[in-house]
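Q: My questions will all concern the structure given below.
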Amino acid sequence: MRRAVIAFTAFLGGLIILLSAGAANAWAEGEGLRGTLTFQGQPVNGVKITVTTESGAPVGEATSDAKGAWEVPVPATGKYTVKLDASTLPPNAAVRGGNLTRTPSVFEGNVSTVLFALVAADGAAQPGEEPEASAESRWWTRVAQLTFEGFNLGLIIALAAMGLSLIFGTTGLTNFAHGELVTLGAVFTFFFSSVVGLPVILAGVVAVVMGGAFGYLQDRYFWGVLRGRGTGLIGMMIISIGVALFLRYAILFFFGPQSLPYNEYAGQPGIDVGPITAAPKNFIAMGIELTVLIVAGLALLKTRTGKAARAVADNPALAASSGINVDRVIRIIWTAGGAVAALAGVMLGLSQNVQYQMGQDMLLLIFAGVTLGGLGTAFGALVGALVVGLFIQLSTLWVPPELKSLGALAVLIIVLLLRPQGILGRRERIG
Amino acid sequence: MDWLTILVTTVEAAVGVETVVYALAALGVNIQFGYSGLLNFGQAAFLGVAGYGLAVIVSTFGLPFWLGIVVGLASVVVFAFLLGVPTLKLRADYLAIVTIAAAEIVRLIFRSVAFKDVFGGSDGRRAFSGTFYDMNPFPPGQYGIGPFGFSERVLWVLVLGWFLVGISCLAIYLLMKSPWGRVLKAIREDEDAVRSLGKNVFSYKMQALILGGVVGCFGGFVYALAFASVQPDVFGTELTFYAYTIVILGGAARVFGPVLGASIFWVLLVLVGNTLSEAVSAGYITFMTTTQVGPVRFMLVGLGLILLLVFRPQGIFGDKREIALDAR
């Protein structure tokens, strides 16, 4: 009970920090404004939209196309004024509330969506309580949507976090190169689909296999050897930074600085499920992630190797003396950890563009998840990662999206202060 | 192949602005990591806080330059204190994660749209170095020997920068010879033993963190003034990682280790980079393009860091017994 209270307090504390910080991190390049105009379920064609800066300098114009969509790229982040030309609307349509201007903020790398809800022209005099009710229901729709997105992100973090946590538990290595294993998954998928020509699904499978092989080779020829030499834990941690730099720039060397989507499933249209709108790929990806996490969890609980892995994570010396082949267990964990991290990258590449820094950007969130759950515990990493994912997305209800990661990092610090062993961790000396 | 350009840029890199900035950052890391065993992975934030402190005071609020320097220094001390109070009780690996997270928080705030009016978003701040260059005693012109030389602006930055490096080295030398320095080294070797002797370990660690931050923050000032601008992404985690590479290359817990490390680091980086891009454009190397030379340089940094720690953790000038690489 006490642990739950403390964990919850930390969570609340993070929320408070977020609220007081009051302000957004996006991953993609290129800022802009866009929207879709529909009237009575039909797209509205030919409506003129004008974008100016806050001070009134013109930025651009757009006219909605056959699908009702318009988009204006903007040169920099900041506040813009978007005006809809009412004379270009269909004669029987009007903007709800009658306000033809919007002043959205554009954040780094974000394309902001601007809403103009169109209603029948005589509908401007609707009953007064209607907009209020809809405002509240819109808020709850947003909560539902963000919760869904939070689970989506949380599951990806969980995949990466599980491997990181088990590697830490069994070898004591704080692996700063784990983010690059995630990037590799996405980059391999991109390579095998766009360059080699396999379907994305098959390319993803190949990427996961290669991630596993890379994990195995890393332990077989690198980390295992270092452990054999008796390299200190801090030494290994700094070495992992060297590995991270090396891999990151090797990826940049081969892949280049651009940010590219997979050649399939990229612009999948969303479907509505209850209050949530999401592309079908997200549901399938989440299904796969959940399945993998459950299978991995069951393997840890039920199989001999899984039990051995938990024993090694608990106390390597004791595990070795009770006849467990510690090196073999560690190698299996590295292989599985590499494969699951690559899977996380494959899935991350579905929801954002492939780019050489994508894993690095996620690394601290992975650390946050692992620490929140309890370093070295597999299930703790799962719980912690989900909490971090949810926290990041739900925090955008109050803070701009560019600062959403900031909250997760603040939580990481607060957790380490109040309950350093994490939600599911065991108390030990960390000071 | 333009060997003369390669030679000139390489020699200039040995004493150049980047070398000064990184030497100061690494001197700070050396106090924290080399002498005290504190794994502060947030050094970039110290440089950032100082640079931004100066830039914001002068360019955002239009206040005098010297007030900017004072505010920059004061913010660094306050930041070190805020960072240290909660984290210095943590074990080494946890300390590393928390400090790196704190540095990222600082960077994200600097680049956020919400504080764009103050920190200038991802474009950063400029137009604050006028007073500094007005104080330049060197008349305009090119100073140097033969093909090697700097403009009067760069020379002024370098003279002050190396003066700061010299002062910092002298201070570190004197401090580490003093009883205070011996306590720090003892904390690195065995914290509990020092505590049992009645020393306030937390207070010593805090002093080391603040001192290292202040020395590092001179690097932030030098960067901001030399380039007459600050951008948030300059102060990312990689700056910290390179500072660690430099400390380990030169030799941790050695007064001049980080300075020589910074020189060697930048000489190698510039030499490799320029030689490769010359070789590529001259057609000697065909398997990569000039834009791919940049990544290769930093791949080599990563590889160098790995090889150093595996084969020679004490670096070039260090002593193996004096480097804290075991978690205790």
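If you go along the chain as it appears here, the first residue is 1 and each next one adds 1.
Any Cβ shown, glycine's included, is placed from N, Cα and C.
All TrEMBL annotations are machine predictions without curation.
For reference, TrEMBL lists these features for the protein:
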| type | residues | note |
| --- | --- | --- |
| TRANSMEM | B:6-31 | transmembrane segment |
| TRANSMEM | B:38-59 | transmembrane segment |
| TRANSMEM | B:65-85 | transmembrane segment |
| TRANSMEM | B:92-110 | transmembrane segment |
| TRANSMEM | B:154-175 | transmembrane segment |
| TRANSMEM | B:208-227 | transmembrane segment |
| TRANSMEM | B:239-257 | transmembrane segment |
| TRANSMEM | B:264-287 | transmembrane segment |
| TRANSMEM | B:293-311 | transmembrane segment |
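Let's see these features in context: how buried, what's close, how far.
A: Residues 37-45, 48-49, 52, 79, 83, 86, 119, 124, 232-233, 235-237, 240, 327-328 of the same chain lie 6 or more positions beyond the ends of the transmembrane segment (B:92-110) yet place their CB under 8 Å from a CB of it.
Within the chain carrying the transmembrane segment (B:154-175), a Cβ under 8 angstroms from the stretch's Cβ atoms is held by residues 15-17, 20-21, 23-24, 27, 30-31, 133, 135-138, 143, 181, 211, 215, 218, 222, 225-226, 255-256, 259, all 6 or more beyond its ends.
Tertiary neighbourhood of the transmembrane segment (B:264-287): same-chain residues 1-2, 5-6, 9-10, 13-14, 16, 18-19, 22, 242, 245-246, 249-250, 293-294, 296-297, 300-301, 304, 316, selected by CB-CB distance under 8 Å and a gap of 6+ residues from either end.
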Q: Are there residues at least six beyond either end of the transmembrane segment (B:65-85) with Cβ under 8 Å to its Cβ atoms? List them, or say none.
A: 42, 45-46, 49-58, 99, 102, 106, 128, 130-132, 205-206, 209-210, 213-214, 217, 220-221
Q: I'd like to know if the transmembrane segment (B:293-311) touches the transmembrane segment (B:208-227) in this structure, counting it as a touch only when three or more C-beta pairs sit under 8 Å and are separated by 6 or more positions.
A: no
Q: Looking only at the recorded stretches B:6-31, B:38-59, B:293-311, which one has the largest tally of CB-CB distances under 8 Å to the transmembrane segment (B:239-257)?
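A: Selected stretch: B:6-31, with the most Cβ pairs under 8 Å.
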Q: Do any residues, 6 or more residues outside the transmembrane segment (B:38-59), come within under 8 Å Cβ-to-Cβ of it, and if so which ones?
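A: Distal contacts: 21, 25, 28-29, 32, 65, 67-69, 71-76, 79-80, 83, 88, 92-93, 95-97, 99-100, 102-103, 106-107, 110, 118-119, 124-128, 131, 205, 208-209, 212-213, 216-221, 223-225, 229-230, 232, 234-240, 243-244.
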